[in-house]
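Heads up: the structure comes next, in structure tokens.
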Amino acid sequence: MLKLLLLTLPLLSSLVHAAPGPAMTREGIVGGQEAHGNKWPWQVSLRANDTYWMHFCGGSLIHPQWVLTAAHCVGPDVADPNKVRVQLRKQYLYYHDHLMTVSQIITHPDFYIVQDGADIALLKLTNPVNISDYVHPVPLPPASETFPSGTLCWVTGWGNIDNGVNLPPPFPLKEVQVPIIENHLCDLKYHKGLITGDNVHIVRDDMLCAGNEGHDSCQGDSGGPLVCKVEDTWLQAGVVSWGEGCAQPNRPGIYTRVTYYLDWIHHYVPKDF
């Protein structure tokens, strides 16, 4: 995915906001390991055609015909569904690909840049997938689920394994466990080293923080799922969105909070299938 490596903030009134650096998007798992077997059967790879159908973002199957991802993954450059393909759960990228076509791309109408939130989008597959033990939608959480601070969750993807370090062949799906960090504390962490006023919220209500030094998502993981186990059921808590660097001190990964957008999701995606 395209998780943002560095933060860009607008000027607000008379405040001068020192940004951590240029806006870049997230690409990979740092501090994790290969995800073996049929774990994470909802993970998908989004592909764009260059000299071949190349992975550019992650996503999650939330219905047999719908994929959830980040809006910054499918912005103006790839908004045409004919330019996107979806590969269902694969252990290794590009190994016996069976790419699925997309009939519709829907980005949230409030999305502009990731720092302003609403970094969420839906892709409708041309045809529904066949559900199995290896390919299965991830349940979405109830609106009441808060995912309290300290909850241990998992993020998955095929992105970079460190800042500027690409995932090497054979490009295995990676996983890493990350703790949820309460939004206020996460916001305080992001203010460290900046001259941004404390009254300016970097981490917004529709965002969720997770990760610690050495464990994080990175470039190429954008759009992928952050999942947490609640009473023996995996629920998708977040969508990989942005961050400053990968697994850096005081810079947790930032995810779009799924519960914030349940009404919008279900305006398009049936709850039952």
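In case you wondered, yes, glycine gets a Cβ from its N, Cα and C as well.
Annotation source Swiss-Prot lists signal peptide at 1-18, citing sequence analysis. Positions annotated as domain 'Peptidase S1' by Swiss-Prot, on the basis of sequence analysis: 29-270. Annotation comment: Swiss-Prot describes Asn49, Asn130 as N-linked glycosylation site, evidence class sequence analysis. Sequence annotations record features per position, and here Swiss-Prot assigns disulfide bond to Cys57-Cys73, Cys153-Cys228, Cys186-Cys209, Cys218-Cys246. Swiss-Prot lists His72, Asp119, Ser222 with the feature active site, charge relay system, giving similarity to another entry as the kind of evidence.
Around the Cβ of Ser222 (active site, charge relay system), a 10 Å sphere holds 32 further Cβ atoms from the protein chains shown.
The two recorded residues, Cys209 (disulfide bond) and Asp119 (active site, charge relay system), show a Cα separation of 14 Å.
In the three-state DSSP scheme, Cys228 (disulfide bond) falls into the strand class. For Ser222 (active site, charge relay system), the nearest of the recorded positions Asn49, Cys57, His72, Cys228 in terms of C-alpha separation is Cys57.
Within the set of glycosylation sites (Asn49, Asn130), the lowest number of other Cβ atoms found within 10 Å of a Cβ is recorded at Asn130.
If you check the disulfide-bonded residues Cys153, Cys186, Cys228, Cys246 against Cys73 (disulfide bond), none has a Cα inside 10 Å of its Cα.
Neighbour list (Cys228 (disulfide bond), Cβ cut-off 8 Å, at least 6 residues apart, same chain): Phe147, Thr151, Leu152, Cys153, Trp154, Ile180, Trp234, Leu235, Ala237. Among the recorded positions Asn49, Cys57, Asp119, Cys186, the residue whose Cα lies closest in space to that of His72 (active site, charge relay system) is Asp119. By neighbour count, meaning other C-beta atoms within 10 Å, the densest spot among the recorded positions His72, Cys73, Cys186, Cys209 is Cys73. Of all the disulfide-bonded residues given, namely Cys57, Cys153, Cys246, the one with the smallest number of surrounding CB atoms inside 10 A is Cys153. Of Cys57, Asp119, Asn130, Cys186, all annotated as recorded positions, the residue with the shortest Cα distance to Asn49 (N-linked glycosylation site) is Cys57. Every protein chain shown contributes to the tally, and the Cβ of Asp119 (active site, charge relay system) ends up with 34 other Cβ atoms within 10 Å. The distance from the Cα of Cys186 (disulfide bond) to the Cα of Asp119 (active site, charge relay system) comes to 18 Å.
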